[in-house]
């Protein structure tokens, strides 16, 4: 008896005969007993035992890398198999089959085995096995499980009841077995392809250089951690890896870009662009390009190339289509995300269907409880599934967008570095920057729009099908109206797009004008042009706002149209349904209303999605056009064969060069003019030997700068031969307009090279920068401002020369570096730098300072674009007219010794600080506002909208929401009344009858409600009840659309008013700001307020604010209705509110700071790009393109980090809000099921509570997002308000007692004047006292930084005096209004600035003079030849100087509109000298009694200079003239000379008297010729 227990046990377990308790074969298959015990339970037990052996494996603490995705997939598979076994266990218990204990044993073994196996995998992932596939034994145990699963599936397929819908539990077991099979296959695939990444990749930044990792007990700074990589699956799903950053943000410590995580490896800019480059190369080879021409970039581990030479990089050029490259780079990944989108769409329809089942269960009092439980579980599963998939989809799409943005921005920047100057001339700076900003963003937005392009029609079709199931063909009546309105919507959309296009054009013009105003703000203030330019900008803004107003009103019309459309469609559908002979029931009414609401969403959204894609197409074409420009081809530009003489450094033979591109002839060159006549260098023959000094001379506009540009490859070679020795090493280039980076003095000089203390000091000495560095607060670490704005012209020139000298190149091209410095500094530069430090180098010097060219090895004389003679200085100098009277090299030895001694004394006496920007506290990084927005920002926007308008908007919102909630309540009341009265036939009751249609009204999905199965109730008239309720509902709905329209149009009007008010205040305050503000604030920072911030205020802020207001009032309305109908729901809602508040509070702090950091890191990208374009010639000539590309990548990476984490934070919040929503809906469903059992539930109340619970969950989610987005957009209001209220302004008072004729004489007195640029800084002027008699001509000389220009700033009150006073005709100028003072003075500033526009606009922007007067002053400034050439190129007459009929020619020129010739952006069509002449002509037009000239002729030749001086003497014979000059001969005929040093007056007498005083500084400057 004792021996028979085992067969009995097996027989009882397997439900087999005792004679054969353990059959192997049964009914033609392997028996279930053998299958489950031997092939199932036993292998699972073995898996559990073997897996348990690995639980004690030692972990490796040095592994900080991301676990391979294969291991992660195996772990997830194990956990999912456990879940499936648990579900199968519950189904076995529910089925109660005879052999259930066999299945329970098998499933229990499966749960245990896979739990232990999953734990083993989790342990192995943290051991040395993570970089392998793991132990092979685990694979064997997994393979042993396959037979059991296969046999189970075969048995189920042979048994028909397992696949029958009448046996749902058996069918579900079959589905679970199939799912386990799929998971097992996935597990084996993960084992076969473990996806092991680079083992050298680390998650911690401090491990990159091999330094030891931090111990575990030390908490890493968030700035040292790589985001997402290395996180577990659970952490990625719920964004737990983001928690440390969120906690830091909550503490208020997220203040710098370096505080945020680093990007994951696959999103790092260098890795993304490397992948993009490889895809470009593959597409390029596909177009037939020879592989040898495909120069790939050599990158190591995703990093950019380092070094400053000409690296071999892939040229983004040719016929490769950018769309094709993007498709190859990101297409596959993006299409896979489309599968997720399909699943999300499908699950959105599953949720409402399950809700309908639940409500149907509640209505049926006899329904079993299991049906309700299954409905609740299904509801839970589907909402959870949909939420998770939607979250993953959104986050992954944002990653694709980031990758595409990094690729496009890097591609545009890289192309700009390599494109030829001739091709680039067809684009303005603003257009190229727009490619990187606006166009790139539009292309990136395509990735958000494309899946919607097919998703919306898909949802539309499903909704139509469900509508057909509800009302049959009756829906076609309403649909026809909707389809008729689609063309109207398309028309409105096209009008909006058209207006938007015009608005953006106006915006571009306004921003371009603001850019020029900010560049030339000193000129504007000197000439008192602020009112004129304020009016000019206001006109542009007015036109821009007219288009914005049209856009907003069209938007409002769209809102009204689509708000009214659901009502119209519903009513037409109902009427059609009744006319077809059907009975109209409440079920049909509510279900149709809900489905029509779903129908409107795709119809409304589709045109906007389509327009977004079309915008992306246009922007992609713009970028494609830029990418397709011709690159610099240095191999073709330079000759490959070297001359036989190895001493030749530069060889030009019959060279012809042009500024024109191969396809366009409209570009301009720096030597002046427009068109072919002025753009051609022809017949150039030149040979320069190594180590020689070659000086290029010639009159203004003869082609000197173009010759140097031709040597560097910036011009297009048309013919001839150009050879440059060792051209790969680059040139040391000093451009005529010094290009200075926004960096420290030292960084500008080093220019990316290593610091060599001795050589660095030698360069400083040679370039006469020692004294300047001595007075700067931080020495050579002082920031110099954007484009060197805080330096004087001479300091910028010497800094640029120092940068070139430190490059230590073989060939130096120096474009007039002596023009902006005075005589003694110029001699120092020639002696110590050009002839000293650079001795032995090949030097080509272009200059007008021919007094310093005696030591040249060769001189080159140019005229009209060609070399007319080369020779020694003795041969060339006699050909140059008006040689200077002062020849410094003719000084006697004792005089030179005296001068050197004087220079030594000056070096011992440090100069004062003369520049505002030398204060380190002034020129700093842009400050980021911290913490939440102040209430004053909201008040500011409220007042900008207007108090009455804002109150009206709020009232209309209140009425709109009240009417909407009243309509909802009326529908609910209608349902209750119909159910109570039994007016609806129960036999026609569908699933949606009763409360369910009302539920649909608020649900995001749809509902299928079939037509009645029985015969239709034929009726020609609606019942009186239905007609009454329908009319009331229609009336309320119409009132709601009216209030919606009122609110939409009021809101549109209000936001336009706000945009206008904010811009006007901002513009007014900025133009009234002090010069100190502009000197210490980068241009890009100010421009951001007028471009991106104003665009946000115009467009983005109204959009999100509209949504926020709708969400707030929607939430309030729903709470009121729910508290009125279901007070018992308030208790859980309070707990829900607390949970929401905690979540959003935790999120909002970090989200707000990340948005601010995004804005803060975006400006440096654009400013660096603008800086690169401006200094492109210097960068390419020195071979530094690769280093600048690396800097762009670094800045872009920093911005991408902030954008990525901002997106991740948004998804962090989204998944939590979705989980809370899932929990709420599931909990309410469970409560309803429980109450159903006790018979104490009202289906109407349950349906209402469920629908409102869903709505409130979504509404609160939208509320947090819209509130956060509104806060982010209000940052732009905050930034604008910061400038509109916080900028230091110039005094605006006026003196009404000043005579209109003041000053009548021009008597100028300085009385003990002290001036400091800022409190705490040394005096720039100290104790200056002097008297200038009326009509006296005063020359001012002194070293750079001695205070010469500061005197002019004091006279014009650009900076207020610290002490003393300045009298003009005995009137203290501090008592006169600034506009009164500056309009009575005239100045020619040192830096010639022109506005883009015509010659007339530059000469006389306020249009106060006749055209004849303008032509006269142009003739007097010797610009006749230039203008005649322009006239010829415009198809008009040519004026040649010296013609007898010049008056007649000028009259013809006037009649032909020659004054309307364009000078180009910032005067780029004219040379530097011609720009100075035009600025001089501008001053000649004034009738001021006092004229100040600040080295206005530094860039013109000697002959022109003398002619101009004579013109000034004649025109201003009775006027007081103050002239700062570096050329002594310029001021030798002045009445008196003022010598400045260290901000003090050291000498003031006639030139003759000072020249004869042997110990005077002026005598030393003049030398022998001065006597």
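Note: Cβ is positioned from N, Cα and C throughout, glycine not excepted.
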Worksheet item: What range among 1156-1177, 1178-1199, 1244-1265 does TrEMBL describe as transmembrane segment?
Response: 1244-1265
Discussion item. According to TrEMBL, transmembrane segment applies to one of these ranges: 1107-1140, 1277-1310, 1311-1344. Which one is it?
Written reply: 1107-1140
Item to complete: Kindly point out the range from 875-896, 897-918, 919-940, 941-962 that TrEMBL annotates with transmembrane segment.
Response: 941-962
Worksheet item: In TrEMBL, which of 839-858, 979-998, 999-1018 is tagged transmembrane segment?
Response: 999-1018
Fill in: transmembrane segment according to TrEMBL, located in which of 1059-1078, 1079-1098, 1219-1238, 1359-1378
1219-1238
Worksheet item: What range among 293-316, 509-532, 533-556, 557-580 does TrEMBL describe as transmembrane segment?
Response: 557-580
Practice prompt. Take the transmembrane segment (37-57) and find every residue of the same chain, 6 or more past its ends, with a Cβ under 8 Å from one of its Cβ atoms.
Written response: 14, 22, 30, 102, 105-106, 109-110, 112-114, 116-117, 119-120, 123-124, 127, 129, 135, 137-138, 141-142, 144-145, 147-148, 151
Worksheet item: Who are the chain neighbours of the transmembrane segment (69-92) in space, where the CB to CB distance is under 8 Å and they lie at least 6 residues beyond its ends?
Response: 100, 103-104, 107-108, 110-111, 114-115, 117-118, 121-122, 124-125, 130, 133-134, 169, 172-173, 176-177, 179-180, 183-184, 186-187, 190-191, 193-196, 232-233
Worksheet entry | Result, the transmembrane segment (941-962) in contact with the transmembrane segment (557-580) (3+ CB pairs under 8 Å) | no
Worksheet item: Over the domain 'ABC transporter' (1310-1567), what is the model's mean pLDDT?
Response: 75
